[in-house]
Amino acid sequence: MAKNTAIGIDLGTTYSCVGVFQHGKVEIIANDQGNRTTPSYVAFTDTERLIGDAAKNQVALNPQNTVFDAKRLIGRKFGDAVVQSDMKHWPFQVVNDGDKPKVQVNYKGESRSFFPEEISSMVLTKMKEIAEAYLGHPVTNAVITVPAYFNDSQRQATKDAGVIAGLNVLRIINEPTAAAIAYGLDRTGKGERNVLIFDLGGGTFDVSILTIDDGIFEVKATAGDTHLGGEDFDNRLVSHFVEEFKRKHKKDISQNKRAVRRLRTACERAKRTLSSSTQASLEIDSLFEGIDFYTSITRARFEELCSDLFRGTLEPVEKALRDAKMDKAQIHDLVLVGGSTRIPKVQKLLQDFFNGRDLNKSINPDEAVAYGAAVQAAILMGDKSENVQDLLLLDVAPLSLGLETAGGVMTALIKRNSTIPTKQTQTFTTYSDNQPGVLIQVYEGERAMTRDNNLLGRFELSGIPPAPRGVPQIEVTFDIDANGILNVTATDKSTGKANKITITNDKGRLSKEEIERMVQEAERYKAEDEVQRDRVAAKNALESYAFNMKSAVEDEGLKGKLSEADKKKVLDKCQEVISWLDSNTLADKEEFVHKREELERVCSPIISGLYQGAGAPGAGGFGAQAPPKGASGSGPTIEEVD
């Protein structure tokens, strides 16, 4: 496998890690300093550019020109609230370039600005070099991980960073998914297990629920916060000590970037110490205006400073359980990923939430993601080793996918959180007599009406042979592959004519915020949606009944059985209702129900003599404003044909 080795890179907010799968196992590769994780830092000086440990080590001397946290900027707009709030904490300068954030630094005596992708690509280049030094040959193929909540532009920008670093990015995979792969290889026991992965890193927090069964991984739900991690805990400590310095020495150090940076370094060290000891001391010589700052902090005080952040980690856990439709008792394993999960209070909160369940700490939390990425890279390169042979990875669709049926109703074929790859087929029919074609409009979203959802694409299937409404059978298939690319095909069963559209998830898809917003809106508007659904159902039921009555009395087979007077009475009333419908499409449910009862009072006595029952149910279909519905009036979906 020598030359076409593929590596797995965990590109973290604060630290990155690289692994390679060879000789049947994963090696996490140490850098030139002997560290298995490398700071995601890039520094620019008068003479050189430093990446990794070298950059982080000189940060106190050169804070304005040392860039970190590029992952917080990547794929975001300058005006983004997250970018604006983060800028307050950064010692380096972020400038606006056409609503794209750029980092401005002095390098070799001149001012330079870089896009976040460029900074991340420098970190990726460093990780690539670490792997090459270990393997002894060039490496180009890589799998790079991102938080589960990264939106499309953030994923695309991360991929771009890989390309800038000279990597062939085989795939971008979710960090929790990667951790699950690492975990899956460690656990080859049989039987289905539900695993909750709690990933609290330097900058992002992800909760994922996966089902692992005999080498098959299935992501059931993901939740999290793109802005919670170890750095936020450091910020709390920094603020605490800035206040303490003010109290003790009557001086404000917060505007002195170098002093704040030295304090932050000491705080990070103290935080790590507090994971194993109950007290940590800080000793910083000549922190500000020649004043030495010697102080200490207890674990209890640290927990108090961050208590809301720690407690807040349980909300995404609850949300993921809700989305996966699981009770906490159904989770078999709790897996900790990310350096911040070493904090005893975080472990205790999670353990208490799960009623004292043991936590799995068997995987080094800093390395699990890179480990899984390395395994995935080997799979994609076609590694034949038996350890990875039986491993299959399934992701989920973040939003429901469906099409518009008559009346603007959203009919979902693939439900939110369905496992991908997946394929769903449903049969639809026409809405009007001799309809020559149907327009297939593909939407994503959770709302009842398509106008509240996101249109992904549309196409037409024409050339349907003339036939009464409800007769043609049009089979629509939604097929999503492993990369999230959607193919929608429509086939007319009688002629075999087909048409299709391919929707890739490249550009302009919904961001995490929009997805969350749509789901929240869907919950908020559920009541409105119900009213609308009922209204459309009542309207469809009325229209269907009117058309059925009309066609029933016009049936040739009834000649002689039905007096002309009765026939005229029914037809006139039906025509009156149909005309009323045309001019009152926005009436409310009660009016439609009332009209239907009025029509039934005229028709039922006449028809019951001829038929037992009240006419055949109408067929549904695609169409203009109004879909017909079976006489049942049970809901807004179109009639499905078996």
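A Cβ is built for glycine as well, from the same backbone N, Cα and C atoms used for every other residue.
Per Swiss-Prot, N-acetylalanine is recorded for ALA2.
Residues or ranges marked as region 'Nucleotide-binding domain (NBD)' in Swiss-Prot: 2-386.
Around TYR15 (ATP binding site), the same-chain residues at least 6 positions away in sequence with a Cβ under 8 Å from its Cβ are THR37, THR38, PRO39, SER40, GLY201, GLY202, GLY339, ASP366. Annotated ATP binding site per Swiss-Prot: 12-15, LYS71, 202-204, 268-275, 339-342, in sequence order, evidence recorded as similarity to another entry.
Take the CB of LYS77 (N6-acetyllysine) and look out to 10 A: across all protein chains shown you find 15 other CB atoms. Secondary structure at LYS77 (N6-acetyllysine), as computed by DSSP, is coil. Residues annotated as N6-acetyllysine in Swiss-Prot, with similarity to another entry given as evidence: LYS77 (among others).
Per Swiss-Prot, the feature N6-acetyllysine maps to LYS108 (among others); the stated evidence is similarity to another entry. Sequence-distant neighbours of LYS108 (N6-acetyllysine) (same chain, 6+ residues apart, CB-CB distance under 8 A): PHE44, ASP46, THR47. Under the three-state DSSP scheme, LYS108 (N6-acetyllysine) falls in the coil class.
Under the heading N6-acetyllysine, Swiss-Prot lists LYS246 (among others), citing similarity to another entry as support. All chains included, 13 other C-beta atoms sit within 10 angstroms of the C-beta of LYS246 (N6-acetyllysine).
Taken from Swiss-Prot, the feature N6-acetyllysine applies to LYS348 (among others). Close to LYS348 (N6-acetyllysine) in the fold, though at least 6 residues off in sequence, lies no residue with a CB less than 8 Å from its CB. DSSP assigns LYS348 (N6-acetyllysine) to a helix in the three-state reduction.
Among the features that Swiss-Prot reports, region 'Substrate-binding domain (SBD)' is placed at 394-509.
What Swiss-Prot lists as omega-N-methylarginine is ARG469, and the listing cites similarity to another entry. Within 10 Å of the Cβ of ARG469 (omega-N-methylarginine) there are 20 other Cβ atoms, across all protein chains.
Taking the Cβ of LYS561 (N6,N6-dimethyllysine) as centre and 10 Å as the limit, one finds 10 other Cβ atoms among all the protein chains shown. If you look up Swiss-Prot, you'll see LYS561 marked as N6,N6-dimethyllysine, on the strength of similarity to another entry.
Summarising the annotation, Swiss-Prot assigns N6,N6,N6-trimethyllysine to LYS561 and lists similarity to another entry as the type of evidence.
As annotated by Swiss-Prot, region 'Disordered' applies to 617-642.
What Swiss-Prot records for SER632 (among others) is phosphoserine.
Taken from Swiss-Prot, the feature phosphoserine covers SER634 (among others).
Taken from Swiss-Prot, the feature phosphothreonine covers THR637, and the record attributes it to similarity to another entry.
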Could you state the CA-to-CA distance between ARG469 (omega-N-methylarginine) and LYS246 (N6-acetyllysine) to the nearest Å? 80
Do any of LYS77, LYS246, LYS561 (modified residues) have a CA within 10 A of THR341 (ATP binding site), and if so which? none
When each of the binding-site residues SER275, THR341 is scored by other CB atoms within 10 A, the minimum falls on SER275
Please identify, from the binding-site residues ARG269, ARG272, the residue with the sparsest Cβ neighbourhood, meaning fewest other Cβ atoms within 10 angstroms. ARG269
Reduced DSSP assignment, LYS561 (N6,N6-dimethyllysine): coil
Cα-Cα separation of LYS561 (N6,N6-dimethyllysine) and GLY203 (ATP binding site), in Å? 79
